Each structure stands twice: as C-alpha cells, then as structure tokens.
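Visitor: Pasting a structure here, questions to come.
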C-alpha cells in the first residue's frame, strides 16, 4: 500500500504542471464557462448521505477565474487516481489530460494565484527530483533504525569502545584485530557477559556496530550532497531550506547521542549482579531522535509532492476534517507506544515475563511499584515497563480500530478510507508480532521485525494525517462555488 501511494504521489507533479498549462494554451476568445459544474458518480450535492459515491468535480474552464485555472487545484486529487476505482476517476482523468511540457513561469504564477505555498521552485521536474531524493533519505533512515535494532539484539553495540567524529578504518591485520579485542576485554560487558569469547565471535559483533555507524555517516553524505546541489540550482525555497537544515543538524547530533548512549554501557554497573547495558533513558533518546528525523523527512517529502491534499468535493473535505480530529490523537498514541518500546529494550524487559495475556501467574505483577521514588517504576522497573507497553499496545490497536469504524460512516475520499483500512491491518500485525516476540523469548528476527512494524505503523499515520490536512483557501472557495452551482 505504501509503495503504491508513494508512486502515485510522485506522478502528481506532472499532472499539476499540465493543469496549470490549461489557461495558457487556451485561445483568448474562449467562450465563457457554463454555470453548472457536473459531478461524476452522484446526482446530488455534497450532503452527508452521498456516502462513498461523492464523485469528482470537473474543473471549470479558464476565463472567469483569471490567468490561473482552478483545474490546477485539483491536481492533488489525481495523485491518488491509481488507488480509487477507475469508473469513478476515468472521466475526470481524461478531462485533466497532461500537456507535453510546463513553463516555469506558469508554475510560479499559477501557484501564487491558487494560494498554494510550494516548497520547490523551477517546475515539476525539480519537484519530482527533490521528492525522489527525500523519499530515498526517509527509506535510508528506516533501514538505519532497523540495523540499529539488530545491533542491539545481537549485543553488538558495545563492541567498539571508542568513537571518532570523522570515523575510523576497521582493523586490516590480525595484529590490529587483537589490539581491538584487547580494548573490548577491558569493558564490563566482556568481563560479565562474554568472558572467554573467541576472536571470530568478536569480529561479528564488531562488524555489526561498525556497519551501523558507517551506515549513519553515509546518510549524511546522501543528504548533504544533493541538498547543496538543489540549493545551487535554485530549486529550494527558504522555507524548505530551513526545514532541511534543521533535519541535517539533528542528524549530525544523532551521532553524538549514539556515542553518549554507548558510553553508559561501558561504565561499571552499580551492582555485581547487574549486567552491563546502556542507559534506558539514553537509548530512548537515541531512538526518539531517529523517529523525529524519519518523520520530519517523510512529512517534508509528502509536502513537496503533494502541496494540497486530495479533494473532490466539499463533502470529502468536511469528512476529512472530522477524521483529522481523531487521527491526530491516534498518531500521538502510536508514537508514545513506539517510544515505550525503547524502555522495554533498554531494561531487557522482553525477557522478564514471556507469557500472554497474563504476566506469569498474575495479570499485574506485585513489584510494579517497588521502586522509590515512584516515577522511576515507569522507566526502570522491568515489570512496570513491560506492563506499560502491553497496555499502550492494546490502546493503540483499539484506537486505530475506532478510527476505522468512524471512517466507515463518513463520506471521504476512497483513497483515504483505503489507507485507514491498511493502517488497521498493520496495527493488528504489529500486536501479533509483539506477542510472538515475547512468547519466543525475543529472537533477533522477530525483534527486528517488531521494530520495523512500529516504524511502518508510524509511517502510515504520518501519511494519513498529511492527507487529511486542510486544503488551501483558494481550493476551498473553488469547491464551495462548484457545490453551489450543482
């Protein structure tokens, strides 16, 4: 579902430019537009009883609206045409057929007249290039988060006992490997967990951590290089430049946060009975920062390729506004649940109670509030941390299910309803992965799949809230005027 939506969004730039060419290509003596604007798929207006048959508004001809036709405002609607029924969109698509090229001046003037605040200049080709680049960066961050999870699950994160901002060359000789191994032998993890480890086993965990660090540095080059190129070409607006600069700075800080986290695991534990591990607070900070970077890049990419949400009628716009009030708090619940998983990982809470639905022989363990001060239990108490994650996961599933039930009764864009349905499916799959991971004592494969599922569910909620945002004022006026004429 996500790949189809991304592909459709990237194609919308071509349709938008074509729509904005319509008034330029039309003859000056074009007749005045007809007063009525037909709708397809429905014989009524925008009432709530139209259901999923709300139809598509055909754009008025140029003339009454000035140099920029309101057809361009309907371009985001066609970005989702591959997801909606062809019988519903076929006639609209033919009415909005693409032109061979679009002038950059037409793009700029048309955007200004329509009230759209485009993040990219220089036309649809620049828009497409920056969209592909940003979606690629988001995918890279996604893979980096998963690789970090595998590194943690294989206990590889503490294998490199030092850190250099510029990176370092891995050992190339047997002597260099032995020297690196000696450094690791001085760490608490080797002394208490991996004592007697062979050199070959050490090489495996070293390469895992080294790959994670280098993959993160490679992201910096993947981001900075094209960013500088697009600025030099004049594609990036001030607003987009500031947003991307902030994300780049946060990405640079992420490396420092990662080392700050690793250092906590290289310190001697306070008790001889405690295994050395990184601070759950620092791990949660590191993971939350990665989520913020990912969501920021993904949201920006969507804003580049879809400056206006998909709309077809005022009925659909009103329906989206109702669902948006529910989708925003549900997105917050999904994010909080994902972050709570970092505390589960940081406290190794997944190995504490490997039963479901009860935790051992009881529903609530007796030691859930055994720590002082009281607030520590929610972040450091193994029993409380796992219980919290179970409760939040249940709330997440019920919230997404409630969102799906509410959407069934509201007239909305078919693509939005389909996205909500797939989000419910992903939430159910994520809960299933979590339970399976717990019952099987957190194997690396299921643990990494569970983390990938959390980020996938969060991605779907980002896409949903972005699609449900309020259209531009000019687009709303156009839809309201069209509704009055029908």
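Cβ coordinates are placed from backbone N, Cα and C, and glycine is handled just like the others.
Heads up, TrEMBL stuff is auto-annotated, nobody curated it.
Not measured: the values here are computed from a predicted model.
The region 'Disordered' annotation in TrEMBL covers 24-56. Per TrEMBL, compositional bias 'Gly residues' is recorded for 42-55. Per TrEMBL, transmembrane segment is recorded for 130-150, 214-232, 244-262, 282-305, 326-346, 387-407, 419-442.
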Visitor: Looking at the stretches 214-232, 244-262, 326-346, 387-407, 419-442, which one shares the most CB pairs under 8 Å with the transmembrane segment (130-150)?
Guide: 214-232
Visitor: Given a Cβ distance threshold of under 8 angstroms, which distant residues of the chain, six or more beyond its ends, lie next to the transmembrane segment (244-262)?
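Guide: Here the qualifying positions are 157-158, 160, 163, 165, 213, 216-217, 219-220, 223-224, 227, 236, 278-279, 282-283, 285-286, 289-290, 292-293, 296-297, 300.
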Visitor: Of the listed stretches (214-232, 282-305, 387-407), which one yields the highest count of Cβ-Cβ distances below 8 Å with the transmembrane segment (326-346)?
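Guide: Going through each listed stretch, the top one turns out to be 387-407.
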